[in-house]
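First up is the structure itself, then whatever we jot down about it.
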Amino acid sequence: MSGSIENATLSPLLDTIDILNQTNRTNTTQKEVFVASNEGMLLSYSFLLIAALLCVYFGSYRSITRKDKQKKSGEKPDVLTAKDAAMFPFIASGFLFGIYVVILLVSKEYITFVLNIYFFLIGIIALFRAIHPIVMKIRLPLLDKIRERQFHICLSENKPSDNTTTTKSTKKPADLMHIDLKFDLIDVGALFLCVLVGVWYLLTRHWIANNIFGIAFSINAIEILHFNKVLNGIVLLSGLFVYDIFWVFGTNVMITVAKSFDAPIKLLFPQDLIENGLLAANKFAMLGLGDIVVPGAFIALLLRYDMSRKRSGKKKASTLYFNVSFIAYIIALVVTILILQIFKHAQPALLYIVPLCLIFPLLTALVCKDWGTMFAYEDHATEKKNE
């Protein structure tokens with residue numbers, strides 16, 4: 001697409017809502033400014049709002065399924081500790097500045113090439129993982145017959161036993177690598193469909209293909225990212241709140257990074273869709289995946305807390321905290337869009353999302369006298385180590 005990207009204030013987390021006005025230069029001194037119609041803005045922001053809410057909703061409920069599977073299988077979960085949460089804004093800042101330095105030193109073409117291959121591969125994996133549970137629930141006679149043909153691939157690499165370092169001569173070899181794949185022809189067909197979407201994105205960069213990958217990334221990230229404790233989520237959200245304000249308003253690093261990358265780490269919808277049609281539209285409203293994943297993971301934690309209250313036998317237990325935080329998230333996105341329209345300038349959405357998504361559930365816990373129970377909750381119980 002030709003033209004320049006104006007007023008972009010994105011981070012690698014892309015926690016900003018913005019309008020990308022791509023305009024053609026009519027001459028060296030004048031630029032054509034695109035003004036979106038009310039219908040175009042309503043359509044684009046409605047899509048972004050609904051898409052974000054669906055990602056948070058489905059990702060939250062899938063996180064419960066993942067937690068239950070981990071408990072049944074005995075799998076050791078990867079959780080975000082309080083120390084990890086506190087360090088994350090600093091790590092993200094270093095990562096952001098590192099990308100900025102690379103952009104200054106390395107040609108944009110090389111960076112784009114590497115990113116294209118990277119997101120092509122992980123996009124296929126994320127999309128397959130997102131649609132696989134849906135495909136498995138489809139029950140048709142023809143599909144059930146196809147599922148009868150099962151395939152199994154097992155690959156392992158064993159380390160020979162070393163009898164010189166142990167008193168047991170019958171020491172069992174230890175697996176250094178173990179791959180155990182079970183699949184059927186339906187899985188192969190679903191994977192092939194994901195590859196087609198990946199090729200479509202790689203060749204055309206169409207905004208629909210971008211959104212398919214972006215939604216898949218968001219759902220998977222919310223499902224997998226477990227804060228384990230409410231305090232850990234609060235620490236991370238608060239740190240990213242400061243991080244976002246500093247890098248958006250304090251430097252031009254985010255602007256430079258944003259202008260240099262074209263990757264499916266944001267949701268797009270054209271504001272000129274009505275005027276220019278599905279193929280020619282190129283004036284996009286945008287929502288960064290960071291605005292979905294970070295608060296979404298916290299909302300998912302509160303949903304798992306609600307489920308734990310139900311399982312503990314509390315008769316009045318419900319999805320109270322999930323509902324409250326979900327409503328807070330909706331209000332925060334609407335407020336961000338309204339302020340964007342009033343000031344006509346890019347807004348860091350976490351500036352509004354973080355306070356509302358923290359204040360609403362915490363006030364609810366205070367009113368319900370559930371403060372201590374909420375902060376004592378753990379997704380996965382950790383063993384206390386004696387010093």
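Each residue, glycine too, has its Cβ placed from N, Cα and C.
If you check TrEMBL, you get these features:
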- 42-64: transmembrane segment (TRANSMEM)
- 85-104: transmembrane segment (TRANSMEM)
- 110-131: transmembrane segment (TRANSMEM)
- 181-202: transmembrane segment (TRANSMEM)
- 234-258: transmembrane segment (TRANSMEM)
- 278-303: transmembrane segment (TRANSMEM)
- 324-343: transmembrane segment (TRANSMEM)
- 349-368: transmembrane segment (TRANSMEM)
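Contact between the transmembrane segment (349-368) and the transmembrane segment (110-131) does not hold: fewer than three of their C-beta pairs are under 8 Å, each pair 6 or more apart in sequence. The recorded stretches the transmembrane segment (324-343) and the transmembrane segment (110-131) do not share 3+ CB pairs below 8 A when only pairs 6 or more apart in sequence are counted, and are therefore not in contact.
Distant neighbours of the transmembrane segment (42-64): 17, 36, 133, 211, 215, 218-224, 226, 267, 269-271, 273-274, 284-287, 291-292, 295-296, 299-300, 303-304, 307, 322, 326, 329-330, 333-334, 337; these residues of the same chain sit at least 6 beyond its ends, with a Cβ under 8 Å from one of its Cβ atoms.
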